[in-house]
Amino acid sequence: MSNVHELNFLKEKIQELKDQGVYRQLPVLEGPNEAESILNGKKVINLSSNNYLGFANHPRLKKAAIEAVEKYGVGSGAVRTIVGNMDIHEILDKKLAEFKREEAVMSFQSGFNCNAGTIQAITEKGDLIISDELNHASIIDGARLSRADKTIFKHADMNNLEEVLKANRDKYRNMLIITDGVFSMDGDIAPLPDIVGLAEKYNAMTYVDDAHGSGVLGESGRGTVDHFGLHGRVDFTIGTLSKAIGVVGGYVAGSATMRDWLSHRGRPLLFSTSLPPAAIAAITEAINMLMTTTEYTDRLWDNAKYFKAKMSQLGFNIGNSQTPITPVIIGDEAKTMEFSRKLLENGVFVSAIVFPTVPKGTGRLRCMVTAGHTKEQLDRAVETFKKVGEEMNLL
């Protein structure tokens with residue numbers, strides 16, 4: 001007889017999700033993550049992937065990964081501070097710094113633990129973290145791990161941010177303003193020039209999580225800082241290596257001092273095995289490609305503008321997105337989930353985003369258009385949206 005707890009309290013919570021119509025099961029992808037993929041045994045147009053540039057199954061990245069496995073093996077075998085810091089890790093960090101036009105970079109195992117580890121390492125008791133209210137969960141968790149005080153400012157509200165800075169400038173040793181570069185649920189871009197201007201006025205540091213800006217905005221995907229021409233004015237820039245780059249990992253770009261400190265106090269670096277050689281090699285190849293051509297980012301933006309125009313013409317509410325992220329805002333959580341299920345039945349996979357990821361009453365289908373989509377695929381997706389929208393009396 002098992003002594004494992006029944007976890008009835010969790011069963012009750014799961015039943016609540018089912019009663020609310022927001023319970024979901026993990027979809028199973030069979031094969032590579034591409035514009036058309038096999039999901040749960042069915043071929044679908046994939047509008048849910050963060051694979052912005054189509055790099056996740058690119059032959060050049062796969063070739064680089066295979067060659068790295070043959071030379072270095074399948075794993076690094078240790079944390080970076082012991083014997084898991086291979087020469088290719090150092091090469092990647094230097095390549096990323098060159099790409100981002102920063103002095104130095106430290107790469108991490110994921111974007112999430114990059115935020116969680118960096119925020120905790122660069123702040124302490126006597127500091128103040130000032131965070132946009134819509135920042136990513138990894139920023140929230142990173143701030144929770146810090147001993148610094150925390151406060152939020154209204155989303156992209158510069159008047160409110162200045163009020164917070166003015167009220168606290170004499171109370172703390174350091175103030176750190178944290179913002180997403182691109183907000184993942186709405187696709188809007190942070191007013192970074194204004195944020196940097198206020199930071200300089202009140203002697204605060206700036207920290208930009210550019211998970212959805214890296215590989216998308218700026219010259220050939222150099223990010224939000226590059227997009228606004230703010231090099232040398234942002235203290236910390238976070239990027240992921242799993243979205244536009246198509247592999248896995250994250251990094252923080254900034255000063256050599258920052259990198260040196262994180263090698264001593266960045267807890268994910270100290271206590272978790274470093275990225276495997278195959279991932280490092282594939283990432284390096286992706287960065288090489290972005291540094292030599294704008295082909296992929298150009299195609300991404302062309303597809304995004306095409307899809308947005310088609311959806312707007314149908315009368316869907318796509319919010320105020322300024323990036324390829326295209327939210328189709330339904331509102332009601334149960335209807336949002338139903339819309340997603342009906343799309344899947346008709347061969348289009350789009351994730352339903354509902355509370356608690358977004359506020360109640362703002363459920364949406366987050367469409368992720370990529371460089372890998374063809375116009376024909378996007379047209380089929382739009383027609384499917386139209387069909388389901390009419391069936392549900394939403395058009």
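The backbone N, Cα and C atoms fix where each Cβ goes, glycine too.
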Check Swiss-Prot for me: it has Gly111, Phe112, Asp209, Asp210, Ala211, His212, Thr240, Leu241, Ser242, Lys243 binding pyridoxal 5'-phosphate, so pick out which one of Ser184, Ser272, Ser274 it puts in that same site.
-> Ser184
Greatest Cα separation in angstrom, residues Arg24, His136, Thr357 binding substrate per the record, works out to 21
By a three-class reduction of DSSP, Gly111 (pyridoxal 5'-phosphate binding site) is assigned helix
List nothing but the largest Cα to Cα distance in Å, as a whole number, among the residues Gly111, Phe112, Ser184, Asp209, Asp210, Ala211, His212, Thr240, Leu241, Ser242, Lys243 that the record says bind pyridoxal 5'-phosphate.
-> 16
Taking the Cβ of Thr357 (substrate binding site) as reference, which residues of that chain separated by at least 6 in sequence fall under 8 Å from it?
-> Met185
To the nearest whole angstrom, state the Cα distance for the pair Arg24 (substrate binding site) and Leu241 (pyridoxal 5'-phosphate binding site).
-> 27
Cβ-Cβ distance under 8 Å, sequence separation of 6 or more, same chain as Lys243 (pyridoxal 5'-phosphate binding site); the residues meeting this, in order, are Asn50, Asn51, Tyr52, Gly111, Ala211, His212, Ser214, Gly215
